[in-house]
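Let me begin by presenting the structure, written as structure tokens, before commenting on it.
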């Protein structure tokens with residue numbers, strides 16, 4: 001299956017473009033979670049942690065999830081955004097807000 005992130009080093013380049021994260025500038029980092037939406041939303045009721053920016057509305061998943069980490073390569077410049085694709089199984093941290101409380 002050539003479409004899975006693990007076998008496709010171009011995954012991030014395609015997905016970042018499709019999700020409009022390369023319009024106007026290159027978004028430097030993005031993580032895609034390959035889990036059911038309900039499982040990602042459930043993280044908002046799991047372990048509360050402090051966000052990187054100091055906010056207190058972040059939560060860490062109880063279990064490892066399948067993710068793809070996309071990071072802009074050092075040599076890429078807008079409009080030719082290029083990304084390194086890394087697949088991993090790890091606990092994710094999401095910021096949550098609203099009612100119902102959902103990832104943002």
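Every residue number used here counts from 1 along the chain in the order it is shown.
Here the Cβ of each residue, glycine as well, is placed from N, Cα and C on the backbone.
Neighbours of residue 30 (substrate binding site), defined as other CB atoms within 10 A of its CB across all chains, total 16. When secondary structure is read from DSSP and collapsed to three states, residue 30 (substrate binding site) falls in the strand class. Annotation comment: Swiss-Prot describes 27, 28, 29, 30, 31, 52, 71 as substrate binding site.
For residue 12 (disulfide bond), the same-chain residues that are 6 or more apart in sequence and have a Cβ closer than 8 Å to its Cβ are 30, 68, 70, 71, 83, 84, 85. According to its DSSP assignment, residue 12 (disulfide bond) is helical. Summarising the annotation, Swiss-Prot assigns disulfide bond to 12-70 (among others).
The disulfide bond feature in Swiss-Prot is assigned to 26-81 (among others); the stated evidence is similarity to another entry. For residue 26 (disulfide bond), the Cβ neighbour count at a 10 Å cut-off comes to 18, with all displayed protein chains included.
Applying an 8 A CB threshold to same-chain residues 6+ apart, the list for residue 44 (disulfide bond) reads 59, 94, 96, 101, 102, 103. The disulfide bond annotation in Swiss-Prot covers 44-96 (among others).
Look at Swiss-Prot and you will find 51-58 (among others) tagged as disulfide bond. Taking Cβ-Cβ distances under 8 Å and a sequence gap of 6 or more within the same chain, the neighbours of residue 58 (disulfide bond) are 48, 49, 50, 51, 93, 94, 95, 96.
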What are the other residues, in sequence order, whose C-beta lies within 8 angstroms of the center of the C-beta atoms of 27, 28, 29, 30, 31, 52, 71 at the substrate site?
-> 69, 70, 72
Count the other Cβ atoms sitting within 10 Å of the Cβ of residue 27 (substrate binding site), across every protein chain shown.
-> 16
How many Å separate the Cα atoms of residue 27 (substrate binding site) and residue 81 (disulfide bond)?
-> 8
When you look at 27, 28, 29, 30, 31, 52, 71, which the record names as binding substrate, what is the longest CA to CA distance in angstrom?
-> 17
Would you mind checking how many other C-beta atoms are within 10 angstroms of the C-beta on residue 71 (substrate binding site)?
-> 14
